[in-house]
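Feature annotations, reproduced from Swiss-Prot:
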type	residues	note
BINDING	Pro91, Ile92, Gly93, Ser94, Gly95, Leu96, Gly97, Ser98, Ser99, Ala100, Cys101	ATP binding site
Amino acid sequence: MVKVYAPASSANMSVGFDVLGAAVTPVDGSLLGDVVSVDAAESFTLNNLGRFADKLPSAPRENIVYQCWERFCQELGKQIPVAMTLEKNMPIGSGLGSSACSVVAALVAMNEFCGKPLNDTRLLAIMGELEGRISGSIHYDNVAPCFLGGMQLMIEENGIISQQVPGFDEWLWVLAYPGINVSTAEARAILPAQYRRQDCIAHGRHLAGFIHACYSRQPQLAAKLMKDVIAEPYRARLLPGFSQARQAVAEIGALASGISGSGPTLFALCDKPDTAQRVADWLGKNYLQNQEGFVHICQLDTAGARVLG
């Protein structure tokens with residue numbers, strides 16, 4: 001049997017719409033992500049477990065893990081009889097790369113089980129394709145960091161899909177999921193078809209400056225440049241209490257904050273553990289809307305998807 005864990009990820013990071021993403025892991029050592037197991041069987045079966053299993057489609061063929069198995073078999077040109085188990089620990093429509101977790105864990109598990117017939121680049125391409133079935137367009141800003149770990153910049157040139165950007169060890173990512181769902185497709189539909197020239201210029205300046213600050217090891221400058229003129233001005237209206245929360249965490253001492261992925265999760269970046277804890281406490285009391293919500297203090301997950309057993 002092969003068991004694979006795929007971590008949560010925070011896409012866009014305010015400054016890099018559709019081209020930046022970071023894999024994250026709680027500092028307390030708990031797992032924030034999905035687990036997929038693959039075992040030999042006479043015919044294909046899929047079993048769903050975990051805290052959010054009841055949110056998955058009831059029809060097996062609509063389950064993204066089934067679609068991963070089907071696409072993997074197509075790639076190899078043969079049917080592979082296996083028993084798959086999805087441990088769905090990530091809330092759907094959370095802005096934490098929930099579908100990417102399932103896609104990455106399923107495809108890595110299948111590849112490991114079959115003796116690694118596909119290389120990382122081919123696997124990542126298929127991951128983006130399957131993620132696109134859910135979000136409505138192929139993009140890699142969740143699957144790439146989830147699979148490869150760390151902070152990833154999407155390249156998509158010369159056969160390179162993404163490359164790692166150096167992060168900062170002192171950065172702590174406070175992630176607050178309020179317990180409501182926002183579909184990626186809905187969050188994309190709310191965006192304008194065209195942008196003003198000055199917004200495009202600002203976006204390019206922020207992103208280029210952020211990447212430069214990461215490579216030149218200027219954490220304060222990097223955090224200052226984490227600004228979103230592309231998505232947040234439009235998506236904020238989908239998130240109750242978001243604007244107030246951003247103001248509050250800034251007053252507490254967060255270096256930057258924004259929407260994780262397409263929301264509703266809010267991320268706040270801190271460089272001191274006590275600040276991160278105070279931010280987490282405030283968000284836990286004021287941003288969460290029901291019992292399904294949670295707050296985690298995280299750091300970059302540099303390992304990405306990994307075999308557990």
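Just so it is clear, glycine is given a Cβ too, placed from its N, Cα and C backbone atoms.
Distribution of Swiss-Prot features across the structure.
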| residue | record | Cβ contacts under 8 Å, 6 or more apart |
| --- | --- | --- |
| Pro91 | ATP binding site | Phe52, Lys55, Ser98, Tyr177, Gly179, Asn181, Glu292 |
| Gly93 | ATP binding site | Asn181, Val182, Ser183, Thr184 |
| Gly95 | ATP binding site | Ser10, Ala11, Tyr177, Val182, Ile259, Ser260, Gly261, Ser262, Gly263, Pro264, Thr265 |
| Gly97 | ATP binding site | Ala8, Ser9, Ser10, Ala11, Gly21, Met90, Asn142, Val143, Pro145, Cys146, Gly261 |
| Ser99 | ATP binding site | Ile64, Ile92, Glu131, Ile134, Ser135, Asn142, Thr184 |
| Cys101 | ATP binding site | Ala6, Pro7, Ala8, Ser9, Gly33, Asp34, Met90, Cys146 |
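Cβ atoms within 8 Å of the centroid of the Cβ atoms of Pro91, Ile92, Gly93, Ser94, Gly95, Leu96, Gly97, Ser98, Ser99, Ala100, Cys101 (the ATP site) belong to the same-chain residues Ala8, Met90, Asn142, Gly261, site residues excluded.
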